[in-house]
C-alpha cells in the first residue's frame, strides 16, 4: 500500500471516529461527514487516474455533486434546528417531540 492510499484511508477512518465520538454539536457532525466525502472524492479521483479508463472519469464528479447536495441539506437542517431549538446541540434534538 502506498503512502498516498494510506493517508486517504486514515483520513476516512479518522473522520468516522470523529463522527462516532464527538457528537455534541451538529456542526461537528457535518464537518466529519464532509471530511469523509472529501477523502472519498480524492480516493475516487486517484483511482480513476490510476485505472486510466475514460468511463470512470465522471464517477468523482457525480459523487461530488451528491456531496454538495448533502452539505446543503445538512446546513438547512442546522439552520432549522437552531431556529426552533435555540442551539445546535444534538442532545436537544428529540424526534419524539417534533
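Cβ coordinates are placed from backbone N, Cα and C, and glycine is handled just like the others.
Residues annotated as transmembrane segment in TrEMBL: 6-22 (among others).
Residues annotated as transmembrane segment in TrEMBL: 29-49 (among others). Proximity of distant same-chain residues to the transmembrane segment (29-49), defined by a Cβ-Cβ separation under 8 Å and at least 6 residues beyond the stretch ends, is recorded for 4-5, 8-9, 11-12, 15-16, 18-19, 22-23, 56-57, 59-60, 63-64, 67, 70-71, 74-75, 78, 90.
Marked as transmembrane segment by TrEMBL: 61-80 (among others).
Under 8 Å from some Cβ of the transmembrane segment (61-80) lie the Cβ atoms of residues 26-27, 30, 33-34, 37-38, 40-41, 44, 88, all in the same chain and six or more residues away from its ends.
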